[in-house]
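As recorded in TrEMBL:
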type     : residues : note
COMPBIAS : 146-162  : compositional bias 'Acidic residues'
DOMAIN   : 38-138   : domain 'Nucleoplasmin core'
REGION   : 144-164  : region 'Disordered'
């Protein structure tokens, strides 16, 4: 079973390189790496806003995927409105309330990987919290440098592509 899975993965890898034009002397697309890190912040009467931002000179693609907002220990039974300030498709800053939490009726809210592009600011518009915001910081990096291992793989694929075709076996005149 493991050999079959390995063969299928090898086939898919070769198939994706063929579709991307990576056989023979053609270029293989730059390798993509994706990292994911936990994210969390807390809004309260003392800390009413939090801004998530990345460095400007970073060439990677960053996504903040929110999973949950919840009231934590010490929260009062009052409305806690959480607002997100981000940029829309026209790069204009907009503020949108995403949660209205109350201890007695809705102490938490699942956001099911609600994805935002940094910079993003979270504000506690009303209430005293504390409200905990959790999610994942995803980083996608496209590398223009080929590692030695990948360049060796490319060399062996080129050698395979240049092999002579298989010729039929010659028949021997003697019979035993």
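Cβ coordinates are placed from backbone N, Cα and C, and glycine is handled just like the others.
Just so you know, TrEMBL annotations are computer predictions that nobody has curated.
Predicted, not measured: the structure shown is a model, and the values here were computed from it.
Confidence across the domain 'Nucleoplasmin core' (38-138), taken as the mean pLDDT and rounded to a whole number, stands at 92. In the domain 'Nucleoplasmin core' (38-138), helix, strand and coil residues by DSSP number 0 helix, 64 strand, 37 coil.
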